[in-house]
Amino acid sequence: MNKVISHPFLQPSFCGNKKVHFLFFVVVLMQFGSLSSVFGLTGGKRAVIIRSIASSQLFMSASSSLACDICVVGSANQDVTVYLASSSSGDPNKPHPLKWGETIITSTTSSSQRSSEITCGGKGANQAVAAASFFPTKNNKNVHMVCRVGEDSFGKTLLRNLSEANVSYYDSPEDTVISKNSSTGMASILVDGNTGDNMIVVVPGANHDLHPQDVKIPDGCKVVLTQLEIPVPTAITACQIAVKNGCLSILNPAPCNDITIPNELYQNVDILVPNEVELRSLCRNTDNVDDEETMARKLLTEKRIRRAVIVTLGARGAMIVAREEHNADTISTFHVQAPPELPCHNQPVVDTVGAGDAFCGALAAHLSSVLLQEQKITSQDIIAASTKACGFASISVRTRGAQSSYPKLNEIPHCLRVVPQGNVSSNKSSHNSSQTNKIPLTFVTGNLNKLKEVQNIMMSDNDENNNFPFTLTNVKLKDLPEIQGRDPIEIAQEKCKWAAKRIMGPVLIEDTSLCFVALNSLPGPYIKWFLESCGHDGLNTMLAGFDDKSAYAQTICAVSFDGGKNVHIVEGRTYGKIVSARGDTKFGWDPIFQPDEGGGKTYAEMTMQEKNAISHRARALANLKELLQNSGPKL
């Protein structure tokens, strides 16, 4: 019977609680190196031995003469991926229940796809390639990689792949990346062909020959990104040099099973990026006692992480727990998600391998572009970069493979791109930079005319509105509940809470009422159904027995930035009276409402400009705009 020995490099998949519901044992025998370093035979039992070499040396390396914006200190592996099509029962939704000693023969998941692939990988290399995807191919100085590979064919393939991806690396005799004593690291990956979930076994090989004295950060570097597929002392050195040189240090603590991360590492990390599983492992909270936000706050404060913890949540986006830039004791929580306009949202998840690395690489790319223009990053910069990183990772899971799933620069949607570095000084690029770093605010509506009206009011492009911190997108939630109640504010609050939990990012809800004073503010929020049932004449008939025909139109805007925990309300009202229908009858109840300030016209008789000057919606949006400009996501 075969058995697997537990090791820190045996890890769950990225980005969310993707528990693998099946077990699988993959051993790939390399065509080089010592067999004794891979296999051990005892009493007829075979064990997978994954070597772990740690160095206690600490060497503060000087920077090199090479220049770059992002330096990735990490692993490079040859990946061997096997796709499991379905269970032996024939049920495509039921993973295969592997039994020890059993041989599994998988089949292709489709006629056009292979059941196994050999590709370039490693968390460090994946993140470097992902970051390089955001920069023009004619300039390969944006991303630099510090790594180790073996003196074998796999190593040559990995280095050639980095060059083709426009990632630089040291290859001079005094700064060699070649390890003569170890084979190139490799990973055996099993992917459920139905869900895209994965399980990974890593043989570190030359990655564990990457020692602290090998870490040299290029001149001009803005961001240093590292992981834990290399020795922990090497990761510590990378982060220490980053802090010493004024760079932003980002640690992706993967894998972290059975690894004790010393405080010395935490305290030199500006941004920590775990997924849900890694977060619980770091907090020793595998029994799900604390929620994600509580754990992230504990890590930020107790481990003295310098700026933020960003927890990747798979399909739910990411959660950011961050210190304010001007007050480290003030901690705020934000939830972000991939921009809803990405076309890939409607495509199935195929393969989650490398999605976490896609997020980290994209995050580094966007934050480095900010630091090329500003001395420090703000919470809004982190939110905007994380939103785009979610989008980049979301694209990657729709295609097989890790690096092969990352879109090239010309394939990256404009809403995810970084600011062109060559245009930073021009007024045009300053405007683009402003737009790039704005936070997506999702307006929950399927009415594109309403979306356009709101955009015109809140996001006009003149100079005085250039400081508006959001870009407005929309999404239609078909299952948005119709909350029952008399109070429009309570209805808007509950809708906003519900939508915020679905969107997992900044969200805006708008609800409109028409209230008859004589009927104690009815129909109120039910005006849409009253209009459908009674028509314009029926609404007038409701007031036939009353002398008081006065009414008011009311819009409630509800916005939340923290997943619905806190909802902020603004209101706009216009007073008038109910009259017989006049004007274009296609505009809802506009023909029967005559505002006091309308010069005797109904809403339906006014031009759009006249209506927007006095309408309830315009007033609510003006109040909302003021709230967001003054306070924004700090709410």
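Placement of Cβ uses the backbone N, Cα and C atoms for every residue, glycine included.
In TrEMBL, the substrate site is described by Asn77, Gln78, Asp79, Gly122, Lys123, Gly124, Ala125, Asn126, Glu229, and among Asp351, Asp357, Asp381, Asp487 the residue recorded at this site is Asp357. Relative to Asp511 (Mg(2+) binding site), the binding-site residues with Cα atoms inside 10 Å are Lys495, the candidates having been Asp79, Gly317, Gly356, Gly401, Lys495.
Taking CA atoms as the reference points, Gly588 (ITP binding site) and Glu229 (substrate binding site) are 61 Å apart. Considering other CB atoms within 10 Å as the measure, the emptiest surroundings among the binding-site residues Leu313, Ala315 are those of Ala315. For the recorded site, His616 (ITP binding site), the DSSP three-state label reads helix. DSSP assigns Asp511 (Mg(2+) binding site) to a strand segment in the three-state reduction. Straight-line distance linking the Cα atoms of Leu313 (ATP binding site) and Asp357 (active site, proton acceptor), rounded to a whole number, equals 13 Å.
Of the chain residues outside the K(+) site list Asp351, Val353, Ser396, Thr399, Gly401, Ser405, Val350, Thr352, Gly354, Ala355, Val397, Arg398, Arg400, Ala402, Ser404, Tyr406 have their Cβ within 8 Å of the site's Cβ mean position.
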